[in-house]
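Asks: The structure follows.
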């Protein structure tokens with residue numbers, strides 16, 4: 001078998017783009033708590049001393065957006081000006097409008113309903129936009145995710161944990177991780193390279209940071225059997241990372257879509273998740289596609305599975321569904337597609353119902369990945385249809 005390297009990255013909750021994702025989803029959660037049927041498209045931008053929240057929100061409730069923004073930033077850890085951002089003193093600007101009436105026409109009543117072709121009430125709601133969404137699963141890890149992104153997320157989360165619990169007191173919120181895994185054919189065999197860039201106080205030297213990162217972060221997360229004497233470590237390779245967060249780089253909602261999904265291991269339709277309610281198929285259909293792919297792999301129908309869904313704005317049924325098993329399928333892809341059509345309802349209203357997507361809780365996935373989260377009970381991560389699929393496939 002041939003050897004190859006694959007690399008994925010993650011970022012901590014203090015990364016400027018991830019700050020924006022969390023703020024947008026915290027606002028979404030607060031609105032859904034009071035008005036589950038609200039339409040939300042909330043975008044956030046941050047720069048030095050400034051937060052701008054803009055978008056389209058149609059709701060019957062009131063939420064205090066500046067208060068939510070400040071609380072989210074405080075929980076992330078930007079509480080002092082010397083960290084590069086202060087939740088108490090930053091400016092918060094809002095520019096919120098209602099959802100376009102033209103878009104609402106298609107979401108409120110789907111094309112099938114307008115033509116009198118709808119079979120049930122689930123076809124009364126149309127997709128909130130056109131677009132393509134991908135879902136993926138593979139058997140490289142227990143959570144059925146690619147190993148590079150799984151390790152990158154866990155390292156990033158560990159960076160945050162050791163900062164917040166005081167294990168490494170000089171750390172600050174901003175940070176990034178990157179993991180390169182060596183494959184023998186399609187099997188991951190070792191970790192080739194680990195990159196960690198972490199914001200820190202000015203008082204600490206590079207040697208101390210490297211020692212602490214390897215001892216308290218890498219060795220606590222990466223299985224020892226994946227590390228060897230040839231594994232390379234790049235810890236803060238610029239030599240200094242004191243200026244970070246929005247002071248170092250401006251941030252924007254939806255700019256970490258590969259981090260949010262599969263780390264580049266699978267395709268991506270281009271749509272971001274955070275700040276969007278579930279009528280936006282960018283989010284809900286991507287979650288549904290992961291749910292389908294994960295159940296297919298959990299059922300043993302394939303070692304790898306990628307699902308593509310496509311929608312037209314204002315139309316409830318998917319325009320197309322594609323199954324790709326990369327030669328690992330135990331049954332034909334056409335047969336898998338038939339099972340999907342039989343056991344998964346991929347109309348937006350059905351996805352929202354089956355996955356409980358009107359419930360708040362989106363901020364929990366706004367950092368460290370929307371998929372493969374063993375630390376959270378996510379409906380789209382359940383494998384409750386795997387046994388049924390296995391039986392019907394005759395495996």
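Yeah, the Cβs are placed from backbone N, Cα and C, and that goes for glycine too.
Annotated ATP binding site per Swiss-Prot: 15, 174, 175, 176, 240, 241, 249, 255, 256, 272, 276, in sequence order, evidence recorded as sequence analysis. According to Swiss-Prot, the Mg(2+) binding site annotation covers 17, on the basis of sequence analysis. Annotated K(+) binding site per Swiss-Prot: 43, in sequence order. The L-methionine binding site feature in Swiss-Prot is assigned to 56, 99, 249, 280. Look at Swiss-Prot and you will find 99-109 tagged as region 'Flexible loop', backed by sequence analysis.
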Asks: For residue 256 (ATP binding site), what is the tally of other C-beta atoms lying within 10 angstroms of its C-beta?
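Replies: Looking across every protein chain shown, the total is 24.
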Asks: State the three-class DSSP label for residue 256 (ATP binding site), counting H, G and I as helix, E and B as strand, and everything else as coil.
Replies: coil
Asks: Ranked by the number of other Cβ atoms within 10 Å of their own Cβ, which of the binding-site residues 43, 56 ranks first?
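Replies: Ranked by Cβ atoms within 10 Å, first place goes to 43.
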Asks: Quick one: among the binding-site residues 276, 280, which has the most Cβ atoms sitting within 10 Å of its own Cβ?
Replies: 276
Asks: Are any of 175, 256, 276 (the binding-site residues) within 10 Å of the residue listed as 'Mg(2+) binding site' when you go C-alpha to C-alpha, and if so which?
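Replies: So far as Cα distances go, the binding-site residues lying within 10 Å of the residue listed as 'Mg(2+) binding site' are 256.
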Asks: Of these binding-site residues, 15, 240, which scores lowest on Cβ atoms within 10 Å?
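Replies: Least crowded of the binding-site residues 15, 240, by Cβ count within 10 Å, is 240.
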Asks: Could you tell me the mean pLDDT the prediction assigns to the region 'Flexible loop' (99-109)?
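Replies: 55, rounded to a whole number.
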Asks: So if I measure Cβ to Cβ from residue 249 (ATP binding site) and keep only same-chain residues at least 6 apart in sequence, which ones fall under 8 Å?
Replies: 16
Asks: Using a Cβ cut-off under 8 Å and a sequence separation of 6 or more, which residues in the same chain sit near residue 175 (ATP binding site)?
Replies: 11, 12, 14, 15, 156, 159, 160, 196, 197, 198, 199, 244
Asks: Taking the residues the record says bind ATP (15, 174, 175, 176, 240, 241, 249, 255, 256, 272, 276), how far apart in Å are the two Cα atoms that sit farthest from each other?
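Replies: Maximum Cα-Cα distance: 36 Å.
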